[in-house]
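The active site annotation in TrEMBL covers 11, 141. According to TrEMBL, the domain 'GHMP kinase N-terminal' annotation covers 67-149. Summarising the annotation, TrEMBL assigns ATP binding site to 99, 100, 101, 102, 103, 104, 105, 106, 107, 108, 109. The annotation domain 'GHMP kinase C-terminal' is assigned in TrEMBL to 218-293.
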Ligand SMILES: C[C@](O)(CO)[C@H](O)COP(=O)(O)OP(=O)(O)OC[C@H]1O[C@@H](n2ccc(N)nc2=O)[C@H](O)[C@@H]1O
Ligand SMILES: Nc1ncnc2c1ncn2[C@@H]1O[C@H](COP(=O)(O)OP(=O)(O)OP(=O)(O)O)[C@@H](O)[C@H]1O
C-alpha cells in the first residue's frame, strides 16, 4: 500500500476588498493572500477496498462527508473513476494544528493537500492549474491553498495572480477557541449593510482590481517593505465582524498598542487577528505580553511567519 505525507499551511489575508456581488450569491473580491508556517499534516494511504476513510485528532472537526477532506477525495473519485478502480480507496489522517473556523483556510488547505496527494497516489500527472481548477469547485480559498506564497486573488477568490513571495515576516496570531465566525454570515451581513456601494459593471470591477494591483500594498510587497505593507493592511469584513465580536476587537486593539507591532488586522472572516512584527524576538515578546494581559486559556496565541509555498510533500512510502 502506498502513502504520502503532506504539509498544508494556513493563510492570512493581507488585503480583502469586497467590490461587487455575483449572480451565484458569492461576492467579487480583490484579495492578497499569504501563506504562513502554521500548518496541518495530512497522511494519505491507499486502500485495497474502494472506500474513503477520514480520521482527525481535533474534536471539533467532523470525519464524515461534511469534512472538506472527504469531499476532496470524493471529487477525485468522481472525476477519475478508472484510477479509483485501479488504485483503490484512500485512508486520510488530518493532524490539526491550524485553529478551526478561524479565517485561516484550515479546511481549504486540508482539501488542497488531499487533491495533491491523490494526484500522486494515483499517478494522474495533473498540472498545478488543473489541481487548482478542481479545488475551486470545493471552496473559494482552495486554489490559493494549492498554489501558496503571496498571491493577488480576484473573482470569488479563485482567480490567482502570483506576487513576489514574502518570506520571514514574523507574525503573532490570536484566536479565541470558543469563538467561531461563519463566513457566509459575514458576507451576508456585509451585503446587507454595504451592498448599495457595490460595482455592477464588469469594466468597473476589472479596473478596481487593476487599481489594487498597481496600488500601494502591491508596490510595498514588490519592494519587500514590511512596514509599508503593514500600513496598508485592509479587510472589509472587519466592518461587520468586529462590532459583533468585542473580544476580537479588544485583541486587535491590544496587538496594535504593543511596541514592535507594525500593523494588525483580522484574517478573512475572522475571528483570528494577526499582528505583523519587526522581528521574531519582538513577536515572541509580544506573545508573552499579550498572554500576561489576557491570561484566559480560551485565547490561543501563535508566533508564526510568512512562507513562500503552498502544499508540500514531505514523505512517501
Ligand atoms: C473569507 C475568505 O476566507 C477570505 O480568503 C474567503 O473569501 C472565503 O473562502 P471559503 O471559506 O473557501 O469560501 P467558500 O466555501 O467558497 O464560501 C463560503 C461562503 O462564503 C460566502 N462567500 C465566499 C466567497 C466569496 N467570494 N463570496 C461569498 O459570498 C458565500 O456565502 C459562501 O457560501
Ligand atoms: N478538514 C477540516 N478542517 C477544519 N474544519 C473543517 C474541515 N472540514 C470541515 N470543517 C468544518 O468547516 C468549518 C470551517 O472550518 P475552517 O477551519 O475551514 O474555517 P476557516 O479557517 O474560517 O476557513 P476559511 O478561511 O476558508 O473561511 C468548521 O466548522 C469545521 O467543522
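Note that the numbers count up from 1, one per residue, in the order the chain is shown.
From the backbone N, Cα and C atoms, a Cβ is placed for every residue, glycine too.
Taking the centroid of the Cβ atoms of 99, 100, 101, 102, 103, 104, 105, 106, 107, 108, 109 as the ATP site, the other same-chain residues with Cβ within 8 Å of it are 10, 98.
Of the binding-site residues 99, 103, 103 has the largest number of other Cβ atoms within 10 Å of its own Cβ.
Checking the recorded positions 11, 109, 141 against ligand 1 with a 6 Å cutoff on the Cβ atom leaves 141, in sequence order.
Taking CA atoms as the reference points, residue 109 (ATP binding site) and residue 11 (active site) are 9 Å apart. A coil conformation is recorded for residue 99 (ATP binding site) in the three-state DSSP classification, outside any helix or strand. Within the same chain, the residues at least 6 positions away from residue 107 (ATP binding site) whose Cβ sits under 8 Å from its Cβ are 67, 68, 69, 100, 139, listed in sequence order.
In terms of C-alpha distance, the listed recorded positions 99, 101, 103, 105, 141 place 105 closest to residue 11 (active site).
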